[in-house]
Amino acid sequence: MADIAVPNLSTFDLHQIKSDLIFAQRECYERRLIHAAKWAAEISRAIEITVDTKDLSQTVEDEGYWQEYDAFVLAKSYFDLQEYDRAHHTLKSCKSPKPYFLRMYSLYMADQKKKADNMPDSNDRSEPLKNEVLKTLQTDLAEKCSNNKNGLDGFGLYLYGIVLAKLDLKQMATQILVDAVNKEPLNWAAWIELARLVTDKETLRSLQLPNHWMKCLFLAKVFSELQLQEEALAIYRTFMRGGFCDSSYLVAQIAVTYQDMKDFVMAVATFQHLQVMDPYRIENMDTFSNLLFMQEKKEELAHLAHKCCSVNKYCVETCCVIGNYYSLRSQHEKAILYFQRALKLNANYISAWTLMGHEYMELKNTSAAIQAYRSALEVDERDYRAWFGLGQTYEILKMPSYSLYYYRRAQSLRPNDSRMVIPLGECYQKMDRLQEAKKCFWKAHCLGDVEEIALFKLANLFAILEEKDQACQAYTEYINQADGVHGHNYEDLSRSYWYLANYHLEHKNWDDAYAAAQKCTEFAQTREQAKGLLRTIQTRRGQETPCGMTSMQVDTSIDSISQTDQSNDESPRRPFDRVTPVNLKFTP
(Lines of atoms letter the chains of each structure in order from A and count residues from 1; the text may use other names and numbers.)
(Lines give C-alpha, C1' and ligand atoms only; values in the text may rest on other atoms or scores of the structure.)
Protein backbone atom coordinates (compact mmCIF):
# COMPACT_ATOMS: atom_id res chain seq x y z
CA MET A 1 0.00 0.00 0.00
CA ALA A 2 1.61 3.17 -1.22
CA ASP A 3 -0.01 5.34 1.47
CA ILE A 4 1.29 3.19 4.38
CA ALA A 5 4.84 4.15 5.34
CA VAL A 6 6.98 1.02 5.67
CA PRO A 7 10.32 1.74 7.40
CA ASN A 8 13.38 1.11 5.24
CA LEU A 9 15.15 -1.87 6.79
CA SER A 10 18.52 -0.82 5.31
CA THR A 11 18.50 2.26 7.54
CA PHE A 12 18.70 0.07 10.66
CA ASP A 13 22.05 -1.33 11.73
CA LEU A 14 22.06 -5.15 12.01
CA HIS A 15 24.16 -4.95 15.18
CA GLN A 16 21.55 -2.68 16.74
CA ILE A 17 18.74 -5.06 15.74
CA LYS A 18 20.65 -7.94 17.35
CA SER A 19 21.09 -5.89 20.52
CA ASP A 20 17.40 -4.99 20.50
CA LEU A 21 16.41 -8.65 20.22
CA ILE A 22 18.66 -9.71 23.10
CA PHE A 23 17.20 -6.95 25.24
CA ALA A 24 13.64 -7.85 24.19
CA GLN A 25 14.15 -11.53 25.01
CA ARG A 26 15.48 -10.72 28.45
CA GLU A 27 12.78 -8.20 29.36
CA CYS A 28 9.89 -10.30 28.02
CA TYR A 29 11.11 -13.40 29.81
CA GLU A 30 11.51 -11.47 33.06
CA ARG A 31 7.80 -10.66 32.85
CA ARG A 32 6.96 -14.22 31.75
CA LEU A 33 5.78 -13.21 28.27
CA ILE A 34 7.10 -16.55 27.09
CA HIS A 35 5.94 -16.49 23.46
CA ALA A 36 7.32 -13.00 22.85
CA ALA A 37 10.62 -14.02 24.49
CA LYS A 38 10.82 -17.15 22.32
CA TRP A 39 10.10 -15.13 19.18
CA ALA A 40 12.87 -12.64 20.00
CA ALA A 41 15.35 -15.44 20.75
CA GLU A 42 14.56 -17.26 17.48
CA ILE A 43 15.00 -14.10 15.40
CA SER A 44 18.19 -13.20 17.28
CA ARG A 45 19.74 -16.62 16.69
CA ALA A 46 19.15 -16.24 12.94
CA ILE A 47 21.43 -13.16 12.84
CA GLU A 48 24.92 -14.62 12.69
CA ILE A 49 26.87 -11.70 14.10
CA THR A 50 28.51 -11.07 17.47
CA VAL A 51 27.44 -8.10 19.52
CA ASP A 52 29.74 -6.25 21.89
CA THR A 53 28.36 -6.51 25.41
CA LYS A 54 28.85 -2.76 25.73
CA ASP A 55 26.17 -2.28 23.08
CA LEU A 56 23.56 -4.20 25.03
CA SER A 57 20.88 -2.11 26.66
CA GLN A 58 20.89 -2.46 30.41
CA THR A 59 17.74 -1.78 32.40
CA VAL A 60 18.31 0.49 35.36
CA GLU A 61 16.09 -0.76 38.17
CA ASP A 62 14.75 1.62 40.79
CA GLU A 63 15.15 1.17 44.54
CA GLY A 64 11.61 -0.20 44.88
CA TYR A 65 12.47 -3.11 42.57
CA TRP A 66 15.30 -4.30 44.80
CA GLN A 67 13.11 -3.99 47.88
CA GLU A 68 10.56 -6.28 46.18
CA TYR A 69 13.16 -8.51 44.52
CA ASP A 70 12.70 -11.60 46.72
CA ALA A 71 8.93 -11.59 46.28
CA PHE A 72 9.37 -11.05 42.52
CA VAL A 73 11.74 -14.02 42.09
CA LEU A 74 9.49 -16.30 44.17
CA ALA A 75 6.40 -15.22 42.20
CA LYS A 76 8.17 -16.03 38.92
CA SER A 77 8.78 -19.57 40.17
CA TYR A 78 5.10 -19.95 41.11
CA PHE A 79 4.09 -18.54 37.72
CA ASP A 80 6.29 -21.04 35.89
CA LEU A 81 4.48 -23.84 37.77
CA GLN A 82 1.11 -22.33 36.71
CA GLU A 83 0.31 -21.43 40.33
CA TYR A 84 -1.03 -18.07 39.20
CA ASP A 85 -3.13 -17.24 42.26
CA ARG A 86 -0.16 -17.96 44.48
CA ALA A 87 2.05 -15.71 42.37
CA HIS A 88 -0.53 -12.92 42.55
CA HIS A 89 -0.81 -13.26 46.32
CA THR A 90 2.96 -13.16 46.76
CA LEU A 91 3.12 -9.83 44.90
CA LYS A 92 -0.01 -8.31 46.48
CA SER A 93 1.83 -5.29 47.94
CA CYS A 94 4.35 -4.77 45.11
CA LYS A 95 4.21 -1.50 43.14
CA SER A 96 7.44 -1.19 41.13
CA PRO A 97 6.91 -1.76 37.35
CA LYS A 98 8.13 -5.35 36.89
CA PRO A 99 6.60 -6.89 40.03
CA TYR A 100 3.40 -4.89 39.49
CA PHE A 101 3.11 -6.18 35.92
CA LEU A 102 3.63 -9.79 37.02
CA ARG A 103 1.04 -9.32 39.79
CA MET A 104 -1.60 -8.12 37.33
CA TYR A 105 -0.56 -10.65 34.69
CA SER A 106 -0.79 -13.51 37.22
CA LEU A 107 -4.34 -12.44 38.09
CA TYR A 108 -5.24 -12.34 34.39
CA MET A 109 -3.73 -15.79 33.74
CA ALA A 110 -5.46 -17.27 36.80
CA ASP A 111 -8.80 -16.02 35.47
CA GLN A 112 -8.15 -17.40 31.97
CA LYS A 113 -7.09 -20.78 33.38
CA LYS A 114 -10.22 -21.06 35.55
CA LYS A 115 -12.46 -20.25 32.59
CA ALA A 116 -10.80 -22.96 30.53
CA ASP A 117 -10.93 -25.51 33.36
CA ASN A 118 -14.56 -24.79 34.19
CA MET A 119 -15.84 -24.98 30.64
CA PRO A 120 -18.21 -27.99 30.87
CA ASP A 121 -18.13 -28.95 27.22
CA SER A 122 -15.81 -27.70 24.50
CA ASN A 123 -18.73 -27.81 22.07
CA ASP A 124 -20.82 -25.39 24.12
CA ARG A 125 -19.93 -21.73 24.53
CA SER A 126 -23.54 -20.61 24.91
CA GLU A 127 -23.15 -19.63 28.59
CA PRO A 128 -21.88 -16.05 28.97
CA LEU A 129 -18.43 -15.77 30.49
CA LYS A 130 -18.16 -14.01 33.83
CA ASN A 131 -15.77 -11.08 33.60
CA GLU A 132 -15.58 -9.81 37.18
CA VAL A 133 -11.81 -10.36 37.31
CA LEU A 134 -11.30 -8.56 34.00
CA LYS A 135 -13.35 -5.61 35.24
CA THR A 136 -11.27 -5.51 38.42
CA LEU A 137 -8.12 -5.51 36.30
CA GLN A 138 -9.53 -2.76 34.10
CA THR A 139 -10.26 -0.55 37.11
CA ASP A 140 -6.84 -1.10 38.69
CA LEU A 141 -4.90 -0.63 35.42
CA ALA A 142 -6.92 2.45 34.44
CA GLU A 143 -6.17 4.05 37.80
CA LYS A 144 -2.47 3.23 37.42
CA CYS A 145 -2.48 4.53 33.84
CA SER A 146 -3.92 7.88 34.89
CA ASN A 147 -1.15 8.36 37.48
CA ASN A 148 1.20 10.83 35.81
CA LYS A 149 4.09 10.14 38.17
CA ASN A 150 3.96 6.34 38.48
CA GLY A 151 1.93 5.35 35.44
CA LEU A 152 2.07 2.17 33.39
CA ASP A 153 5.17 1.35 31.38
CA GLY A 154 4.98 -0.18 27.89
CA PHE A 155 4.39 -3.69 29.24
CA GLY A 156 1.68 -2.50 31.63
CA LEU A 157 -0.08 -0.73 28.75
CA TYR A 158 0.11 -3.96 26.76
CA LEU A 159 -1.72 -5.84 29.54
CA TYR A 160 -4.26 -3.03 29.83
CA GLY A 161 -4.90 -3.28 26.08
CA ILE A 162 -5.48 -7.04 26.30
CA VAL A 163 -8.00 -6.59 29.13
CA LEU A 164 -9.89 -3.92 27.18
CA ALA A 165 -9.98 -6.14 24.08
CA LYS A 166 -11.34 -9.06 26.15
CA LEU A 167 -14.09 -6.75 27.43
CA ASP A 168 -14.90 -5.87 23.80
CA LEU A 169 -13.77 -2.26 24.21
CA LYS A 170 -11.84 -2.51 20.95
CA GLN A 171 -11.48 1.14 20.03
CA MET A 172 -10.03 2.00 23.42
CA ALA A 173 -7.87 -1.15 23.35
CA THR A 174 -6.43 -0.11 19.98
CA GLN A 175 -5.34 3.28 21.29
CA ILE A 176 -3.81 1.79 24.46
CA LEU A 177 -1.86 -0.77 22.42
CA VAL A 178 -0.60 1.98 20.11
CA ASP A 179 0.66 3.76 23.23
CA ALA A 180 2.23 0.47 24.37
CA VAL A 181 4.28 -0.06 21.17
CA ASN A 182 5.35 3.57 21.16
CA LYS A 183 6.55 3.30 24.77
CA GLU A 184 8.09 -0.18 24.39
CA PRO A 185 8.50 -1.10 20.68
CA LEU A 186 10.48 -4.28 21.48
CA ASN A 187 7.49 -6.14 22.95
CA TRP A 188 6.36 -8.30 20.02
CA ALA A 189 3.32 -9.49 21.99
CA ALA A 190 1.91 -5.95 21.92
CA TRP A 191 2.37 -5.71 18.14
CA ILE A 192 0.52 -9.03 17.67
CA GLU A 193 -2.41 -7.94 19.84
CA LEU A 194 -2.61 -4.67 17.93
CA ALA A 195 -2.59 -6.53 14.61
CA ARG A 196 -5.65 -8.50 15.72
CA LEU A 197 -7.57 -5.25 16.18
CA VAL A 198 -6.72 -3.82 12.75
CA THR A 199 -9.63 -4.96 10.59
CA ASP A 200 -9.39 -2.56 7.64
CA LYS A 201 -7.03 -0.24 5.80
CA GLU A 202 -8.57 2.90 7.26
CA THR A 203 -7.79 1.76 10.82
CA LEU A 204 -4.21 0.93 9.80
CA ARG A 205 -3.71 4.37 8.24
CA SER A 206 -4.94 6.08 11.41
CA LEU A 207 -2.38 4.44 13.73
CA GLN A 208 0.47 6.62 14.97
CA LEU A 209 3.23 4.02 15.14
CA PRO A 210 6.96 4.42 15.92
CA ASN A 211 9.47 4.35 13.07
CA HIS A 212 11.00 1.13 14.36
CA TRP A 213 12.22 -1.94 12.49
CA MET A 214 9.61 -4.05 14.30
CA LYS A 215 6.94 -1.99 12.55
CA CYS A 216 7.97 -3.72 9.30
CA LEU A 217 7.07 -7.16 10.64
CA PHE A 218 3.87 -5.77 12.15
CA LEU A 219 2.83 -4.34 8.78
CA ALA A 220 3.62 -7.64 7.05
CA LYS A 221 1.35 -9.42 9.55
CA VAL A 222 -1.47 -6.91 9.01
CA PHE A 223 -1.06 -6.94 5.23
CA SER A 224 -1.52 -10.73 5.27
CA GLU A 225 -4.72 -10.39 7.30
CA LEU A 226 -6.03 -7.70 4.92
CA GLN A 227 -5.35 -9.89 1.86
CA LEU A 228 -2.42 -7.80 0.69
CA GLN A 229 -0.14 -10.79 0.27
CA GLU A 230 2.16 -9.24 -2.32
CA GLU A 231 3.03 -6.39 0.04
CA ALA A 232 3.54 -8.81 2.95
CA LEU A 233 5.76 -11.06 0.87
CA ALA A 234 7.87 -8.08 -0.23
CA ILE A 235 8.59 -7.20 3.41
CA TYR A 236 9.50 -10.78 4.35
CA ARG A 237 11.83 -11.05 1.34
CA THR A 238 13.53 -7.81 2.36
CA PHE A 239 14.26 -9.32 5.78
CA MET A 240 15.52 -12.55 4.20
CA ARG A 241 17.94 -10.59 2.02
CA GLY A 242 18.96 -8.42 4.96
CA GLY A 243 20.57 -11.20 7.01
CA PHE A 244 17.55 -13.05 8.43
CA CYS A 245 17.51 -15.99 5.99
CA ASP A 246 17.94 -18.54 8.81
CA SER A 247 14.88 -17.32 10.71
CA SER A 248 12.29 -20.10 10.97
CA TYR A 249 9.64 -17.51 11.82
CA LEU A 250 10.16 -15.65 8.54
CA VAL A 251 10.22 -18.88 6.50
CA ALA A 252 6.97 -19.98 8.14
CA GLN A 253 5.31 -16.63 7.39
CA ILE A 254 6.43 -16.83 3.76
CA ALA A 255 4.93 -20.32 3.48
CA VAL A 256 1.61 -19.14 4.93
CA THR A 257 1.62 -16.15 2.57
CA TYR A 258 2.18 -18.40 -0.45
CA GLN A 259 -0.78 -20.52 0.68
CA ASP A 260 -2.98 -17.43 0.96
CA MET A 261 -1.89 -16.45 -2.56
CA LYS A 262 -3.03 -19.89 -3.80
CA ASP A 263 0.54 -20.69 -4.88
CA PHE A 264 0.34 -24.18 -3.41
CA VAL A 265 3.52 -25.47 -5.08
CA MET A 266 5.67 -22.77 -3.49
CA ALA A 267 3.79 -23.09 -0.19
CA VAL A 268 4.50 -26.84 0.06
CA ALA A 269 8.14 -26.36 -0.95
CA THR A 270 8.60 -23.62 1.68
CA PHE A 271 6.98 -25.71 4.42
CA GLN A 272 9.24 -28.62 3.50
CA HIS A 273 12.26 -26.31 3.70
CA LEU A 274 11.02 -25.18 7.13
CA GLN A 275 10.90 -28.79 8.31
CA VAL A 276 14.52 -29.26 7.25
CA MET A 277 15.56 -26.06 9.05
CA ASP A 278 13.64 -26.82 12.24
CA PRO A 279 12.66 -30.53 12.25
CA TYR A 280 11.03 -30.45 15.69
CA ARG A 281 8.91 -27.36 15.03
CA ILE A 282 5.20 -27.91 15.69
CA GLU A 283 4.14 -24.30 15.23
CA ASN A 284 2.45 -23.69 11.83
CA MET A 285 2.25 -27.41 11.10
CA ASP A 286 -1.54 -27.21 11.45
CA THR A 287 -1.52 -24.76 8.53
CA PHE A 288 0.70 -27.14 6.56
CA SER A 289 -1.76 -29.96 7.27
CA ASN A 290 -4.63 -27.83 5.90
CA LEU A 291 -2.63 -27.37 2.71
CA LEU A 292 -1.96 -31.11 2.36
CA PHE A 293 -5.65 -31.79 3.08
CA MET A 294 -6.79 -29.48 0.28
CA GLN A 295 -4.42 -31.20 -2.13
CA GLU A 296 -5.58 -34.64 -0.91
CA LYS A 297 -2.02 -35.78 -0.20
CA LYS A 298 -2.82 -38.66 2.12
CA GLU A 299 0.68 -40.11 2.43
CA GLU A 300 2.33 -36.74 3.17
CA LEU A 301 -0.40 -35.88 5.70
CA ALA A 302 -0.03 -39.27 7.41
CA HIS A 303 3.73 -38.74 7.66
CA LEU A 304 3.22 -35.24 9.11
CA ALA A 305 0.68 -36.54 11.67
CA HIS A 306 3.06 -39.30 12.80
CA LYS A 307 5.96 -36.85 13.10
CA CYS A 308 3.98 -34.27 15.09
CA CYS A 309 2.66 -36.99 17.39
CA SER A 310 6.18 -38.21 18.09
CA VAL A 311 7.40 -34.67 18.89
CA ASN A 312 4.50 -33.50 21.08
CA LYS A 313 1.30 -35.50 21.31
CA TYR A 314 -0.46 -33.07 23.63
CA CYS A 315 -0.55 -29.75 21.79
CA VAL A 316 -3.24 -28.09 19.72
CA GLU A 317 -1.30 -28.18 16.44
CA THR A 318 -0.76 -31.94 16.68
CA CYS A 319 -4.44 -32.55 17.41
CA CYS A 320 -5.37 -30.43 14.39
CA VAL A 321 -2.96 -32.30 12.10
CA ILE A 322 -4.32 -35.69 13.23
CA GLY A 323 -7.89 -34.41 12.87
CA ASN A 324 -7.19 -33.37 9.28
CA TYR A 325 -5.68 -36.78 8.60
CA TYR A 326 -8.81 -38.61 9.78
CA SER A 327 -11.02 -36.15 7.89
CA LEU A 328 -9.18 -36.87 4.64
CA ARG A 329 -9.84 -40.57 5.28
CA SER A 330 -13.55 -39.74 5.77
CA GLN A 331 -13.40 -40.84 9.41
CA HIS A 332 -15.30 -37.77 10.55
CA GLU A 333 -16.14 -38.97 14.08
CA LYS A 334 -12.45 -39.49 14.86
CA ALA A 335 -11.60 -36.13 13.32
CA ILE A 336 -14.14 -34.42 15.60
CA LEU A 337 -12.65 -36.20 18.61
CA TYR A 338 -9.19 -34.73 17.92
CA PHE A 339 -10.54 -31.24 17.26
CA GLN A 340 -12.34 -31.48 20.62
CA ARG A 341 -9.06 -32.48 22.25
CA ALA A 342 -7.44 -29.39 20.77
CA LEU A 343 -10.19 -27.24 22.25
CA LYS A 344 -9.68 -28.82 25.66
CA LEU A 345 -6.08 -27.63 25.45
CA ASN A 346 -7.02 -24.19 24.13
CA ALA A 347 -10.68 -23.14 23.94
CA ASN A 348 -9.69 -20.14 21.79
CA TYR A 349 -8.06 -22.21 19.05
CA ILE A 350 -10.02 -20.97 16.03
CA SER A 351 -8.93 -23.60 13.50
CA ALA A 352 -10.32 -26.40 15.67
CA TRP A 353 -13.74 -24.70 15.90
CA THR A 354 -14.03 -24.12 12.15
CA LEU A 355 -12.67 -27.53 11.16
CA MET A 356 -15.00 -29.23 13.64
CA GLY A 357 -17.87 -27.31 12.04
CA HIS A 358 -16.82 -28.72 8.65
CA GLU A 359 -16.83 -32.24 10.08
CA TYR A 360 -20.34 -31.82 11.50
CA MET A 361 -21.42 -30.64 8.05
CA GLU A 362 -20.06 -33.85 6.57
CA LEU A 363 -22.16 -35.76 9.11
CA LYS A 364 -25.26 -33.66 8.24
CA ASN A 365 -25.40 -32.39 11.84
CA THR A 366 -26.27 -28.81 10.97
CA SER A 367 -27.12 -27.65 14.50
CA ALA A 368 -23.73 -28.74 15.86
CA ALA A 369 -22.01 -27.19 12.84
CA ILE A 370 -23.73 -23.84 13.44
CA GLN A 371 -22.71 -23.96 17.09
CA ALA A 372 -19.07 -24.66 16.19
CA TYR A 373 -18.92 -21.88 13.60
CA ARG A 374 -20.48 -19.38 16.00
CA SER A 375 -17.94 -20.36 18.66
CA ALA A 376 -15.15 -19.61 16.18
CA LEU A 377 -16.59 -16.16 15.53
CA GLU A 378 -16.77 -15.45 19.26
CA VAL A 379 -13.01 -15.93 19.34
CA ASP A 380 -12.28 -13.96 16.15
CA GLU A 381 -14.84 -12.22 13.95
CA ARG A 382 -12.33 -12.12 11.09
CA ASP A 383 -12.40 -15.89 10.55
CA TYR A 384 -13.85 -15.98 7.03
CA ARG A 385 -14.06 -19.78 7.09
CA ALA A 386 -16.61 -19.66 9.91
CA TRP A 387 -18.73 -17.06 8.11
CA PHE A 388 -18.56 -19.14 4.93
CA GLY A 389 -19.43 -22.32 6.84
CA LEU A 390 -22.51 -20.66 8.32
CA GLY A 391 -23.52 -19.60 4.82
CA GLN A 392 -23.26 -23.18 3.58
CA THR A 393 -25.18 -24.50 6.57
CA TYR A 394 -28.13 -22.16 6.10
CA GLU A 395 -28.07 -22.87 2.37
CA ILE A 396 -28.57 -26.56 3.16
CA LEU A 397 -31.40 -25.56 5.49
CA LYS A 398 -32.96 -23.68 2.52
CA MET A 399 -32.77 -20.31 4.24
CA PRO A 400 -31.20 -18.20 1.45
CA SER A 401 -31.66 -14.81 3.15
CA TYR A 402 -29.61 -16.00 6.16
CA SER A 403 -27.13 -17.68 3.86
CA LEU A 404 -26.74 -14.48 1.86
CA TYR A 405 -25.83 -12.50 4.99
CA TYR A 406 -23.07 -14.92 6.02
CA TYR A 407 -21.67 -15.26 2.51
CA ARG A 408 -21.45 -11.48 2.25
CA ARG A 409 -19.50 -11.33 5.52
CA ALA A 410 -17.10 -14.01 4.24
CA GLN A 411 -16.68 -12.19 0.92
CA SER A 412 -15.97 -8.88 2.68
CA LEU A 413 -13.06 -10.59 4.48
CA ARG A 414 -11.75 -12.24 1.30
CA PRO A 415 -12.75 -9.79 -1.45
CA ASN A 416 -10.27 -11.20 -3.97
CA ASP A 417 -11.19 -14.87 -3.53
CA SER A 418 -13.50 -16.16 -6.26
CA ARG A 419 -14.62 -19.03 -4.01
CA MET A 420 -16.33 -16.48 -1.76
CA VAL A 421 -18.11 -14.73 -4.64
CA ILE A 422 -19.65 -17.69 -6.50
CA PRO A 423 -21.83 -18.90 -3.56
CA LEU A 424 -22.96 -15.30 -3.15
CA GLY A 425 -24.11 -15.29 -6.76
CA GLU A 426 -25.89 -18.62 -6.31
CA CYS A 427 -27.76 -17.16 -3.32
CA TYR A 428 -28.87 -14.16 -5.33
CA GLN A 429 -30.02 -16.49 -8.10
CA LYS A 430 -32.12 -18.57 -5.71
CA MET A 431 -33.74 -15.36 -4.51
CA ASP A 432 -34.48 -14.34 -8.15
CA ARG A 433 -32.14 -11.37 -7.88
CA LEU A 434 -30.58 -12.23 -11.22
CA GLN A 435 -28.81 -8.95 -11.94
CA GLU A 436 -26.90 -9.17 -8.65
CA ALA A 437 -26.13 -12.83 -9.36
CA LYS A 438 -24.79 -11.90 -12.77
CA LYS A 439 -22.45 -9.32 -11.26
CA CYS A 440 -21.15 -11.88 -8.77
CA PHE A 441 -20.34 -14.49 -11.44
CA TRP A 442 -18.67 -11.87 -13.61
CA LYS A 443 -16.62 -10.72 -10.61
CA ALA A 444 -15.58 -14.31 -9.85
CA HIS A 445 -14.49 -14.76 -13.47
CA CYS A 446 -12.42 -11.55 -13.33
CA LEU A 447 -10.74 -12.71 -10.10
CA GLY A 448 -9.43 -15.85 -11.78
CA ASP A 449 -12.16 -18.34 -10.83
CA VAL A 450 -10.25 -21.04 -8.97
CA GLU A 451 -13.07 -23.57 -9.42
CA GLU A 452 -13.59 -22.66 -13.12
CA ILE A 453 -17.39 -22.63 -12.94
CA ALA A 454 -18.16 -18.90 -12.96
CA LEU A 455 -18.30 -18.63 -16.76
CA PHE A 456 -20.81 -21.45 -17.07
CA LYS A 457 -23.03 -19.98 -14.36
CA LEU A 458 -22.76 -16.57 -15.99
CA ALA A 459 -23.70 -18.04 -19.37
CA ASN A 460 -26.76 -19.73 -17.84
CA LEU A 461 -27.90 -16.41 -16.40
CA PHE A 462 -27.47 -14.69 -19.76
CA ALA A 463 -29.59 -17.44 -21.30
CA ILE A 464 -32.30 -17.04 -18.63
CA LEU A 465 -32.33 -13.27 -19.19
CA GLU A 466 -32.45 -13.89 -22.98
CA GLU A 467 -29.22 -11.98 -23.52
CA LYS A 468 -28.35 -14.42 -26.27
CA ASP A 469 -25.24 -12.82 -27.73
CA GLN A 470 -23.63 -12.56 -24.31
CA ALA A 471 -24.67 -16.13 -23.48
CA CYS A 472 -23.06 -17.36 -26.69
CA GLN A 473 -19.81 -15.59 -25.85
CA ALA A 474 -19.78 -16.89 -22.26
CA TYR A 475 -20.50 -20.48 -23.30
CA THR A 476 -17.79 -20.27 -25.97
CA GLU A 477 -15.23 -18.97 -23.48
CA TYR A 478 -16.22 -21.66 -21.01
CA ILE A 479 -15.63 -24.35 -23.64
CA ASN A 480 -12.27 -22.87 -24.59
CA GLN A 481 -11.33 -22.76 -20.90
CA ALA A 482 -12.43 -26.37 -20.33
CA ASP A 483 -10.49 -27.69 -23.33
CA GLY A 484 -7.20 -27.51 -21.45
CA VAL A 485 -8.52 -28.90 -18.17
CA HIS A 486 -8.73 -32.55 -17.17
CA GLY A 487 -11.73 -33.78 -15.21
CA HIS A 488 -14.10 -31.06 -16.36
CA ASN A 489 -17.86 -31.34 -15.90
CA TYR A 490 -19.21 -33.19 -18.94
CA GLU A 491 -22.81 -32.25 -18.19
CA ASP A 492 -21.94 -28.56 -18.22
CA LEU A 493 -19.98 -29.00 -21.44
CA SER A 494 -22.86 -30.80 -23.13
CA ARG A 495 -25.28 -28.04 -22.13
CA SER A 496 -22.86 -25.42 -23.45
CA TYR A 497 -22.51 -27.10 -26.84
CA TRP A 498 -26.28 -27.63 -27.01
CA TYR A 499 -26.95 -23.94 -26.46
CA LEU A 500 -24.35 -22.94 -29.06
CA ALA A 501 -25.79 -25.36 -31.61
CA ASN A 502 -29.27 -23.86 -31.25
CA TYR A 503 -27.95 -20.29 -31.16
CA HIS A 504 -26.01 -20.67 -34.39
CA LEU A 505 -28.89 -22.54 -36.02
CA GLU A 506 -31.15 -19.58 -35.19
CA HIS A 507 -28.59 -17.17 -36.68
CA LYS A 508 -28.03 -19.41 -39.75
CA ASN A 509 -24.35 -19.94 -38.93
CA TRP A 510 -24.52 -23.41 -40.41
CA ASP A 511 -20.88 -24.40 -39.94
CA ASP A 512 -20.81 -23.36 -36.27
CA ALA A 513 -24.21 -24.91 -35.61
CA TYR A 514 -23.15 -28.18 -37.19
CA ALA A 515 -19.83 -28.27 -35.34
CA ALA A 516 -21.54 -27.67 -31.98
CA ALA A 517 -24.26 -30.24 -32.67
CA GLN A 518 -21.62 -32.77 -33.71
CA LYS A 519 -19.89 -32.21 -30.35
CA CYS A 520 -23.20 -32.83 -28.58
CA THR A 521 -23.23 -36.38 -29.95
CA GLU A 522 -20.18 -37.14 -27.79
CA PHE A 523 -22.20 -36.72 -24.58
CA ALA A 524 -24.83 -39.15 -23.34
CA GLN A 525 -27.01 -36.30 -22.09
CA THR A 526 -27.46 -34.73 -25.54
CA ARG A 527 -26.64 -37.52 -28.02
CA GLU A 528 -30.17 -38.32 -29.22
CA GLN A 529 -31.32 -34.70 -29.43
CA ALA A 530 -28.11 -33.81 -31.29
CA LYS A 531 -28.82 -36.38 -34.02
CA GLY A 532 -32.20 -34.77 -34.68
CA LEU A 533 -30.61 -31.31 -34.62
CA LEU A 534 -28.01 -32.37 -37.19
CA ARG A 535 -30.81 -33.44 -39.54
CA THR A 536 -32.56 -30.12 -38.97
CA ILE A 537 -29.38 -28.22 -39.82
CA GLN A 538 -28.95 -30.23 -43.04
CA THR A 539 -32.55 -29.60 -44.02
CA ARG A 540 -32.47 -25.87 -43.41
CA ARG A 541 -29.12 -25.44 -45.09
CA GLY A 542 -30.53 -27.31 -48.10
CA GLN A 543 -33.50 -24.96 -48.24
CA GLU A 544 -31.12 -22.03 -48.59
CA THR A 545 -28.99 -23.55 -51.36
CA PRO A 546 -26.98 -20.79 -53.06
CA CYS A 547 -27.77 -20.01 -56.68
CA GLY A 548 -25.91 -22.31 -59.04
CA MET A 549 -25.40 -25.03 -56.42
CA THR A 550 -27.46 -28.22 -56.53
CA SER A 551 -28.90 -30.00 -53.54
CA MET A 552 -26.58 -32.93 -54.33
CA GLN A 553 -23.57 -30.59 -53.97
CA VAL A 554 -24.95 -29.36 -50.63
CA ASP A 555 -25.37 -32.93 -49.38
CA THR A 556 -21.82 -33.71 -50.51
CA SER A 557 -20.56 -30.67 -48.59
CA ILE A 558 -22.43 -31.78 -45.47
CA ASP A 559 -21.08 -35.33 -45.77
CA SER A 560 -17.58 -33.92 -46.03
CA ILE A 561 -18.06 -31.95 -42.81
CA SER A 562 -19.46 -35.04 -41.10
CA GLN A 563 -16.47 -37.14 -42.09
CA THR A 564 -14.12 -34.46 -40.84
CA ASP A 565 -15.93 -34.36 -37.49
CA GLN A 566 -15.77 -38.13 -37.10
CA SER A 567 -12.06 -38.28 -37.86
CA ASN A 568 -11.09 -35.42 -35.56
CA ASP A 569 -12.42 -34.94 -32.04
CA GLU A 570 -11.60 -31.24 -32.11
CA SER A 571 -14.11 -29.71 -34.51
CA PRO A 572 -13.08 -26.40 -36.00
CA ARG A 573 -14.79 -23.42 -34.44
CA ARG A 574 -15.10 -20.07 -36.14
CA PRO A 575 -13.85 -17.29 -33.86
CA PHE A 576 -16.71 -15.13 -32.65
CA ASP A 577 -16.53 -11.41 -32.03
CA ARG A 578 -15.90 -10.83 -28.34
CA VAL A 579 -19.03 -9.63 -26.55
CA THR A 580 -18.12 -8.23 -23.15
CA PRO A 581 -20.83 -7.96 -20.46
CA VAL A 582 -21.61 -4.32 -19.87
CA ASN A 583 -22.34 -2.46 -16.63
CA LEU A 584 -21.18 -5.31 -14.43
CA LYS A 585 -19.43 -3.48 -11.64
CA PHE A 586 -19.48 -5.68 -8.57
CA THR A 587 -21.88 -4.28 -5.98
CA PRO A 588 -23.50 -7.20 -4.12
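A Cβ is built for glycine as well, from the same backbone N, Cα and C atoms used for every other residue.
Marked as domain 'Cdc23' by TrEMBL: 16-255. Sequence annotations record features per position, and here TrEMBL assigns repeat 'TPR' to 316-349, 350-383, 384-417. Per TrEMBL, the feature region 'Disordered' maps to 561-588.
Helix, strand and coil counts from DSSP across the repeat 'TPR' (350-383) read 27 helix, 0 strand, 7 coil.
Beyond the repeat 'TPR' (384-417), the same-chain residues lying 6 or more positions past its ends with a Cβ under 8 Å from any Cβ of the stretch are 227, 350, 353-354, 357-358, 361, 366, 369-370, 373-374, 376-377, 423-424, 426-428, 430-431, 447, 450, 588. According to DSSP, the secondary structure content of the repeat 'TPR' (384-417) in residues is 27 helix, 0 strand, 7 coil. Same-chain residues lying 6 or more positions outside the repeat 'TPR' (316-349) and placing a CB less than 8 Å from one of its CB atoms are 115-116, 119, 122-123, 125, 282-286, 288-290, 292-293, 296, 298, 301-302, 304-305, 308-309, 355-356, 358-360, 362-363, 379. In the repeat 'TPR' (316-349), helix, strand and coil residues by DSSP number 27 helix, 0 strand, 7 coil.
Taken together, the residues in the repeat 'TPR' (350-383) have a mean pLDDT of 93 on the 0 to 100 scale.
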